[in-house]
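Each remark here refers to the structure printed beneath this line.
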Amino acid sequence: MSILQRDQVWPFLVPREVKVDVSHQVILYIEDLSVSFDGFKALNNLNLYINDGELRCLIGANGAGKTTLMDVITGKTRCDSGSVWFGQTHNLLEKREADIARLGIGRKFQKPTVFEAHTVLDNLELALNTHKGILPALVARLSAGQRERIDEVMEIIGLQQQRHMLAGALSHGQKQWLEIGMLLAAEPRLLLIDEPVAGMTAQETERTAELLTSLAGHHTVVVVEHDMEFVRSIARTVTVLHQGSVLAEGSMDEVQNNRDVIDVYLGESA
Amino acid sequence: MIELRQVTQHYGSSQILWGVDLNITQGSCACIMGRNGVGKTTLLKCLMGLLPVSSGEIRINDYPLHNRPAEKRAPAGIGYVPQGREIFPLLTVEENLRIGLPIRKDKRKHIPERIFELFPVLADMLHRRGGDLSGGQQQQLAIGRALVIEPSVLILDEPNEGIQPNIVQQIGDVILRLNEEDGLTVILVEQKLGFARRVGKQFHLMEKGRIVASDHMENLSDELIRQHLAV
Amino acid sequence: MSLFSLWRQRDAKLTATWPVVVAVFAMALLAALGNLLIPESSALHVSTYTVTLLGKYLCYAMLALAVDVIWGYCGILSLGHGVFFALGGYAMGMYLMRQIGERGVYGNALLPDFMVFLNWKELPWYWLGMDQFWFALLMVILIPGGLAFLFGWLAFRSRVTGVYLSIMTQALTYAFMLSFFRNEMGFGGNNGLTDFKDMLGFSLQADTTRVVLLLLSAVLLIVALWSSQAILRSRFGKVIIAIRDGEARARFLGYQTERYKVWLFVYSAVVAAVAGALYVPQVGIINPGEFAPINSIEIVIWVAIGGRGTLAGAVIGALLVNYAKTRFTALLPEAWLFALGGLFVLVTLFLPKGLVGLSSKFRMTARKLSSYSSGQRSES
Amino acid sequence: MMWIASVQPPSYVSIHSNINLLECRVKKLMFFCVLCICQAWPAWAQNEDASVNELLQQLTEARLKDMAPILEQLEVEGGEALLPLFHGLLAGDLYYLKSDHTLVSVTSVNGIDQYQEILSGHRIESLSKQQISKVRVNNTLRGQLRQIISRLQLNARQPDLRYTAVRSLLSELDADTMATIRALYSGEQDQRVKAIMATAIALYSAESAQDDNERVAAIGQLRNSLETDVRNALNRLAKDDTRPAVQSAARRAVADIEQRVAWYGRLDQLFFGLSLGSVLLLAAIGLAITFGVMGVINMAHGEMIMLGAYTTYVVQLLMPNAIDYSLWVAVPAAFMVSGLAGVLIERGIIRFLHGRPLETLLATFGVSLILQQLVRTVFSPLNRQVATPSWMSGSIELNPVLSLTLNRLYIFVFALLVFGLLLLILKKTSLGLNVRAVSQNRDMARAMGVHTERVDALTFGLGSGIAGIAGVALSQLTNVGPNLGQSYIIDSFMVVVFGGVGNLLGTLVAAFTLGVANKFLEPVTGAVLASILVLVFIILFIQKRPRGLFPQKGRAAE
Amino acid sequence: ADTIKVGVLHSLSGTMAISETTLKDTVLMMVDEQNKKGGLLGKKLEAVVVDPASNWPLFAEKTRELLTKDQVDVIFGCWTSVSRKSVLPVIEELNGLLFYPVQYEGEESSKNVFYTGAAPNQQAIPAVDYLMNDLGVKRWVLAGTDYVYPRTTNKILEAYLKAKGVADADIMINYTPFGHSDWQSIVSDIKKFGSEGKKTAVVSTINGDANVPFYKELGNQGVSAEDIPVVAFSVGEEELSGIDTTPLVGHLAAWNYFESVDTPENQAFIKQWHQFIGNNARVTNDPMEATYIGFNMWVKAVEKAGTTDVDKVEQAMIGIQTPNLTGGMAVMNENHHLSKPVLIGEIQDDGQFEVVWETDGLVAGDAWSDFLPGSKDLISDWTTPIKCGNYNTKTKTCSGQNYGS
Ligand SMILES: Nc1ncnc2c1ncn2[C@@H]1O[C@H](COP(=O)(O)OP(=O)(O)OP(=O)(O)O)[C@@H](O)[C@H]1O
Ligand SMILES: Nc1ncnc2c1ncn2[C@@H]1O[C@H](COP(=O)(O)OP(=O)(O)OP(=O)(O)O)[C@@H](O)[C@H]1O
Ligand SMILES: CC(C)C[C@H](N)C(=O)O
Ligand SMILES: [Mg+2]
Ligand SMILES: [Mg+2]
């Protein structure tokens, strides 16, 4: 077994522990961020600070720029101006997606994206927080610890049954869960979660809420969601985006009673 | 009005629908509910003709649909709002809406104003690519697009997924209005109980590819919910 | 049960290579023995013609394998893989050319014939060292590998994908074709390199040499199959498939997808190049025609016919199509294109998964039948 | 060259065309006109000059080598009156009866040869090809004939003829000719003719005047002329003239002229580039639909072009006497033939492959093999002859160093026209919208009531039909053979991809960019290297813009 | 065997099918004819046709197939030099016999190949002589497709022209890719080159398909044969049959045969061809004549040797004479090349050539050019005692021969 646990034999196989300097408590600095598409301003001088270990809810009208914000943080979209820092030392705007991911920023997409031709198991394996280089990948075997981790995750997302099923054959909701599972397997510092409970039943929603709350502390979690009940159940701080900038920030109660927020987002009866 | 009899369906060798019987009357608003993966979407796709049924019959006003191709079903008056919106991403909002014009009975050449009344955002976004819109905007576009063909039945597959609360509200209002004022028959797949209760008149609970309970919405008891919707 | 069968099915893709390995080896061995041991008078004698033909097919199979590795598993459709094959071939051709030495028609020990009569005075620098077998072998790998690295690095880094990539590979091989047609390039222009005499001192016209080359092709094909399989089964392979289905997702998991793609591309190019290097001594000529885009498209077609995404499929496809071509061109010289074209159309229409798909279809039915008889024991 | 004037209305650009550039039939027709005119000149026909007759007799018997002096004699003896004969000889339309060496002309009217005695103008019935023999000429004689005709036409009635006559004499000015020109100069009314005569006079004195100043003055007059003969003469002077004043004047003049020539040279290149671009555009535009919009990797696209070209051939076979109109028939016919073939391919094969774009490559490749072999079987593997209508032959000469070939010009315009039309169809009809919807989300399109099958068939038919039309145009430029399609398929894909798949405008810009780039490179690097460089350029460009010149934008395209 | 097998190795598909299919038919016609005459050595001839599909390695493979599987006694085949080069090692290894009927660049002589097409000195040199002496050409454009035949021919011509005192500045050399179809710039360059006052001619070694667009462009840009004649070595009646020739009238070609030559043999041949192919519009051309000569020579040689054994037939071939279609007798020389007359023709508007010049007697094909430094000392002689394809007359050795040693 020790031969198979190669990550203990060769140093280059040991996952790099990335240092994120959070000496000021803040793990994510977003300042004056602007993004435009063909002249349309999706983000407009946005300022946002996320503390280390926080669980932050991000709400806002459809098209307010929440997904775009995540795109910028994860390196998918280039911004026009502004800065995005991960801790004190990592300027995210200079990095490519893969590097950002390896810094420990994980992301769940709005539309669930999983590797359809892989089994649920393989999906999780690929997500594991291991060395992502080429040579390690050629020789990598699952270590016992990793197996355990996968089983754990499998348990959490409730897909043990589907373990060997191709991910492409899962239903929409199952894919959502799998993607969350992949996030968990990767054990990132910062989780960006775009609409996790869309298409989930009430109970599942509850479970997700529990899960996210339990994650906070060890991990920093940013959740985008439109399901107010869900938000209410997990929220400590809520940030409301509108037309690319922050409209309001505060506790759920504050936000809920904010006139502007009611006008542009919540509607009267919420 | 819409009648499904013993509909079964397979993906390859795995059977998804197991003899679904469903009866939806004119002007009703039927809400289909069930856990993830029980086959709701599959059922709607069969209804729309996007998936072939393995056996069984589907009729609209006694007109058999199950042996017609999808493109013949829309003119028969079925509007479809799929799960995941399925906007034509590279067409502009306007073009997305225009697609359905030719099959309208009145052969209108213009997008009915009504759509923009219901969804004012669309009017602002007329010349942007459908794919660029945010999720919620796309959802509104998808409903608008289905309404362009002036359907007599509107099929909605989780229309509120990812929609901001006030719009959810609004969509609910729209569905109610269409259903009550215009007499549009609505088939709705919905996970959120609150919404389902608000707009639905009947419910049909699905489990493992079968309809296991159907009744008026008022009769949707906690017991039933626990039995069929809880995890 | 359905879960189990899904899992089985996935694995089946990779395990199904064994019958092919065995078949290839057996075929090569039988041909070798039949050629060398059975006297020519016997009906069982395998002619040198057949041996050479088989050798050629095996090279093509290797080439198809190279294409399948990137197309079937990583979704990179290269319509210009002939470029690596041909470059490998040219490197080998240059070595063979230098081996001719004084036996060329002009008796010039240094310059190949085509240089002499086009009045070249000295050997161009890029021909230096090619008289050494090890150096030539190194070039067989380095040049195509380097080109693949350069091209892949440029293309994948700037995220050229899909048809854009395919057409660029086509442009690449086309550009090479035009360049090699130029006599000034010093590769013999249209006529290419030919009239080879021997390799490592063994006459290329000797039956034993041919047989050895055939066996070598078979062995290397098997090695390529095995190594491809190993690569694709490793986590590297899983990442590759992940990239095919969701490159963005893979990137957000921290995989530098472009590196994975580049190295797979390089691997594939090297396999193609080795195939080319084996091909040249067996067919006796290498010329710019090998760079023709149409040739590269044909490779893709072998793979598709055999069944893409299965290593065995690529090999079977290449062997079968080329065998069909050989037969058709002799049997129906005026109508073989109808037959071949028709074959392509029919296979696409009726065997969407290629010939291998057909076999797994059989296997499925067979399994169904047997499971009926043996009382559904596969329930687990 | 009066007939030119009758075919092409005189305009501010003069239209010149060498006689042997003209379509055979037209030539014969023209010759016929000349004959008619000659009958209106009874002076010669009746006033039979014995020596002329004898010379004519000799003409039929002499060996090619000995004909030059006979022609010279004829010019002197017969003069202007013999022009029709010279024209006939030049065109190779002059025959004689084997029996008695009477000169006859042969004209083909509606495919039936008609024979006419040249001296009397009598029609001769019931002659067969076997009874007559051609009066042979070769290149040397043709050159001589041309000079003779020019000299004789110096005082022709049509200004155009006089103009050409003077121009063609520029290369061989001698004292006699000069005398004639000088004599005619003062009386000349036409400005253009007068100007060229002035050039001739200046040219002559620049080289043969005794006085330095006269020479310098003449050179000064010549510095605006672009005539090659002038340039050659000036070059000679600049190189060899011993008088410093003359030499330096010549040098300056040459420099002036060279500069202008270089400028026109670039214009010329631009035209070449645009013209190559229009060919690429035509070839690619059908693919821009089948591949760009529908997403079918259509390897049989080239064969659709080929079918169009063969249709042109068949149309010309069917209407051998109306070649001039054949293209008008061929364009719609080719559209129908290729379009229909396209519909068949779509219905028979491609529709089963939706959602499997790569497999379309395989199937259409098969189709392409079959189609190639089919034309090989039906039409033989040889190239087929497609004639160029007379109105597409020759060139418009804007000035002596810049002329635009007509066929290229027409094809350029045609390409733009086809492009515009296509754009209109796709923008203005529901087909355009539907096909894009279908290619983006087939299921949803069906759910919206779009008849996807019909849309597919129509679109594929349209794309193929347009490829067919391209074939008609290409038949005017290149071989019509079974390999025609193969030679354009790669270029077509390159153009579509370079422009950005799915963007018709991109295809247009890409085609012209590649065309012009190629043509500007070619003089510097040679044709082979130019093509290679263009390919390398495309490869590198795609690294910069991985989705072509005009990429599809937006979230969905990522 | 009870039949004598004749292999036919011409591409019936792919790019070369355009040219080669005709030769396949010619061989079939000759075989037919011979069988009507009662066959050969009392046996029937049997043609074995294969399709190497314009794919050069396939030529080698098919040759091997013909020789080992079908056991043919002789092969008529190949068009391009590269296909011949591809076949060469195989035919030598298996000691077969190939008749190659197309003009080529020379620089080769194999014991197993008979070259019945023209060597450069049977086409290019006489053509240049004609242009220089009869037309007074002073400036030369050597335009060719970028590959070995044009390169070699032009090398030879360049050396030849320079030897005749032509200055560097008066020679323009231009190469184009295969199948080049856009000739605008090149024709315009030629026009410019030719407009400098000296008589200019183009010597074209442009290959195959590229010719049609080339000539069309010449016509359209108004380059007429009197101004700048083009003499081509690869354009014959068959190529012209695919072009509207009106604008080409007066341009030239140099060959050993033209269909228009009026001899009884030729008339008979044309008639026979029309009958065989069932189409009176089909033309004949030089490679057909070369095939005809080659076939007849082989028949004679087999009769003379009394066997189809390659070695015997090879020796019997040398010195064999058969009638040319243009009159006179063709002779097979010791170097496996023919002695043939060289003709120059002007294109007529009916697609035929009018002979304007011809050599006084026969020109012997030269395997090794006297104008290339590398080969001027080489000769080929397959008779004893030399028995060598590349014999160096200076060193008196036979360099690098595969066979014979
Ligand atoms: N690639 C793009 N091209 C053009 N416009 C874009 C692009 N990406 C985003 N947008 C625009 O930016 C705006 C913000 O989009 P974003 O997806 O960030 O909204 P969101 O807050 O996530 O909305 P939702 O809650 O509906 O998901 C939208 O109006 C969208 O149209
Ligand atoms: N393409 C497919 N191939 C095989 N199985 C599939 C496919 N699509 C769906 N399924 C299976 O069919 C079942 C029903 O799926 P369906 O999408 O209809 O569920 P649903 O009720 O709409 O769920 P959700 O609430 O998550 O949308 C699921 O178990 C899923 O695994
Ligand atoms: C000139 C060509 C038609 C033939 C020549 N032998 C070649 O190399 O291809
Ligand atoms: Mg969003
Ligand atoms: Mg669903």
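Using N, Cα and C of the backbone, Cβ positions are placed for all residues, glycine too.
Not measured: the values here are computed from a predicted model.
Here is what TrEMBL says about this protein:
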TRANSMEM  C:20-38  transmembrane segment
TRANSMEM  C:50-73  transmembrane segment
TRANSMEM  C:79-97  transmembrane segment
TRANSMEM  C:104-121  transmembrane segment
TRANSMEM  C:133-156  transmembrane segment
TRANSMEM  C:163-181  transmembrane segment
TRANSMEM  C:211-232  transmembrane segment
TRANSMEM  C:260-279  transmembrane segment
TRANSMEM  C:299-323  transmembrane segment
TRANSMEM  C:335-355  transmembrane segment
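Stretch with the largest number of CB pairs closer than 8 A to the transmembrane segment (C:133-156), among C:50-73, C:79-97, C:104-121, C:163-181, C:335-355: C:79-97. A contact between the transmembrane segment (C:211-232) and the transmembrane segment (C:104-121) is absent, since fewer than 3 of their C-beta pairs, 6 or more residues apart, lie under 8 Å.
When each of C:20-38, C:79-97, C:104-121, C:299-323, C:335-355 is scored by its Cβ pairs under 8 Å to the transmembrane segment (C:50-73), the top-ranked stretch turns out to be C:299-323.
Beyond its flanks by at least six residues, the transmembrane segment (C:79-97) meets 63, 66-67, 112, 127, 130-133, 136, 139-141, 143-144, 147-148, 166-174, 176, 180, 187, 192-193, 196-199, 204, 268-270, 272-281, 286, 288, 290-293, 295-297, 299-300 of its own chain at Cβ-Cβ distances under 8 Å.
When Cβ-Cβ distances below 8 Å are used as the criterion, the transmembrane segment (C:104-121) is approached by residues 97-98, 183, 186, 188-189, 191, 193, 195 of the same chain, each at least six residues removed from its ends. Among residues of the same chain six or more beyond the transmembrane segment (C:335-355), those with a C-beta under 8 A of the stretch's C-beta atoms are 301, 303-308, 310, 313, 316-317, 320-321, 324-325, 328-329.
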